[in-house]
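As annotated by TrEMBL, active site, charge relay system applies to Asp225, His263, Ser440. If you look up TrEMBL, you'll see 55-65 marked as compositional bias 'Acidic residues'. Taken from TrEMBL, the feature compositional bias 'Low complexity' applies to 66-75. Per TrEMBL, domain 'P/Homo B' is recorded for 515-645. If you look up TrEMBL, you'll see 55-80 marked as region 'Disordered'. Sequence annotations record features per position, and here TrEMBL assigns signal peptide to 1-20. Under the heading transmembrane segment, TrEMBL lists 741-760.
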Amino acid sequence: MRYSFAKLLIFGIFSNYVLTSSINDRDQNDIETNAIEDSNESLNFDEKIDEVLGIDENDDTDDNNDNNNINTYDNSTSVIDPPYNNKPIQSILIQLANSDIYSVEKLDKIAKDLAAIHGLPDPVRIGQLKGYYKFNISGGIRSSLQKRRIKRHIKRLHDNEEIVTWVDLDRTVSHSKRSITLSDFKDPLAHSQWNIFGRNDKTINVLKVWDQGITGKGVRVCVVDDGLNYLHPDVKNNYYAAGSYDFNSHSNDPIPKKNDDHHGTRCAGEIAAGKNDYCGVGVAYDAQVSGVRILSGTLSVSDEAASLNYDYHNNHIYSCSWGPTDDGKTVEEPSGITKRAFINGVTNGRNGKGSIFVFATGNGALKGDNCNFDGYTNSIYTITVGAITHEDKKSAYSEECSAQLAVTYSSGSGKYISTTDTSMSNLSSPVCTSSHGGTSAAAPIAAGIFALVLSVRPDLHWRDLQYLVMETATPIDHGDSDWKYLPSGRLYNHKYGYGKLDAYKIVERAKTWELVNEATSFTTDKQFENDIIDILESKIYVSEKSVRNFRNVEQITVTVDIEHQCRGEIQVELISPNNVVSLLATRRVNDCSSEGLRNWTFMTVKHWDENPVGYWTLRVTDKVKNNKYGRLYSWYMTIYGQSYNKSGKKGNKNLGNFKRDTILEEEEKPIIEEEKPIIEEEKPIIEEEKPIIEEEKPIIEEEKPVIEEETAQENEEYAEIVSHDKREVFKNVISQYKSQLFILSVLFFSVACFYSVIYVRRLRIKNTIDDSILANNVSQLTSYLTI
């Protein structure tokens, strides 16, 4: 019986093997049959190969010789004649059958075996295409015989349909670059727009942006200037009338009215001159431009403020090529109401995303001027742009300062900017100019680049654009000694800011940019000195607790109260705890005003992303030896940055104290301190400070009810996710062990029974021993009593 059972077992295993093999063979045959192409294709394929190789179908001269030289399907080596050179001349392409089923390794082996059988070189897999291979055949194809040999190989490969489903010759293809070049533009001045169509890297690098169809469509740039000639044929198709206004004449028509009212039209052409038969082409030639006229007459501060907020939901960018007089002695800031217009613009403009204000640094460098004495360019709400020449050098007239963020091209070294112009005798005539320049020409180019950015990412907030400028600007003029490496790893130069604007880099970076968090700020206590200025240093300490709600630093402003009999003699520097030096004010030889700098605010962007914790030093120097002296009475600083708070509007918290009036100083500090808990939500500003800041978290937690509704919603969502995760994990555990539950139960029961039996047996033995001892004791007791 034992041997009969063994025979039955062996028979069952053998039957299962035979049956399985039969099924697998049948399935494999079905798969290979489905993978084979229609055999009728071979005729067309033959004709195609003849055409490519240039073989006359009726010419059989070399057929016999060819047949004698080509081996059959064996493991012989290559039948191709020794190569005349090592350069691949022709390649055969194949697709193996079952490429969707077999592994890459198995397909590689099949291809190599196929090559060996047909006497072909080792195959090369085509990129990441699974099952596609190329056989590179070296040597010159100099005869019909050689061509026919290749044809024979291809024919045999093609006929071997159970292995190869497709065979073809590799061939060259010709493609034209879909790039925009100067020849694509009929604009007569395009050839002179070196800043766009230059043949080296000294351009704004916008052609690669246009190649992608990014031309500023959907974005509106408001040119705040001396008017806009919207009748000009190069501008009229891109004119946005609803966003235009004349604040000098108080009418809805911003058309130039004076003979010298050409500045605004020139700037508008730089931004959005159309791609047509007139003048040149704008940086964002599909964007729209509006005109706000303010520079052609007297202007009230209320009108100035209104002009910077005009139609501010639809005017996205304000291009401002103007400012205080560039005479090297003027110190001027916006009025209080204009400051409020800036704040209102970045807070509510563009439906809450913030208006973009672009300002030129100024043209007073030859007179020793510095853009930190201009309250428009050193505002944290503006993007300040300087000018460089076609040689990537600072234009001689372009002012430098620590508030400058970047530079772009304008006039200098014999070259100018070509753009639209205005003829007052015939406003509709296509007048052009090739002599536009100054920092006035730089700001509109920057505005055009920003229009390209917003056309790709209209959701960007005003501070996002400042970040993008800083992170993508390209340092130039590397030999200049003012380039300094910062703790952030970036380079900064007071002449160039963070570098030259690059349209392609900033647009590409914007595509994946993550919006920055809400803004925050911290104002230090006022430091009083009342010391005579020679080389005077004063320090303010910034604690970790003061900036615990900062994720990173952005701008820093320094407000000073300095009295001096000739204020142009002083130099002011801010030195960070990391020894980064911002040159806030340089000597101005033309400025000998005795008014000093009373509550004047400087600004620097040089400390972006720097750790602010530690002692900050203000160094005020007067090296001119004469009988004119001054005093530093007091100073304080305000640090602006990104908070950890992601709720609410982006970038508009705690910005109202940009410039504090003396009367309001003591009243504003408590307001700032009260507002801080609103955005003190998560983490410290600097990564290495985390252990210290963690101790502060209970304070932050107490303030969270300010954003209680949103936090509760987030917690509810998180709880739901965790709940689902827990259920899924518990379910998997049950599923994993359910099939073994019965076996485990039986095993446990068996062990329990085994130990129960042992326990009972031991108990019986013990009882027997106890009974024996008891009987013995009773016997002894009885004997004792008897005695």
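We number each residue from 1, going along the chain as drawn.
Every residue gets a Cβ built from N, Cα and C, even glycine.
Predicted automatically and left uncurated, TrEMBL annotations should be read as such.
Projection of TrEMBL feature records onto the structure.
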| residue | record | DSSP class |
| --- | --- | --- |
| Asp225 | active site, charge relay system | strand |
| His263 | active site, charge relay system | helix |
| Ser440 | active site, charge relay system | helix |
Segment confidence, the domain 'P/Homo B' (515-645), expressed as mean pLDDT: 96
Structural state census, the domain 'P/Homo B' (515-645) (DSSP three-state): 6 helix, 76 strand, 49 coil
His263 (active site, charge relay system) and Asp225 (active site, charge relay system), distance between Cα atoms, whole Å: 7
Cβ packing number for His263 (active site, charge relay system), 10 Å threshold: 22
Long-range Cβ environment of Ser440 (active site, charge relay system), under 8 Å and at least 6 residues apart: His263, Arg266, Cys267, Ser321, Trp322, Ala360, Asn363, Ser410
CB contacts for Asp225 (active site, charge relay system) [other CB atoms within 10 A, all chains]: 28
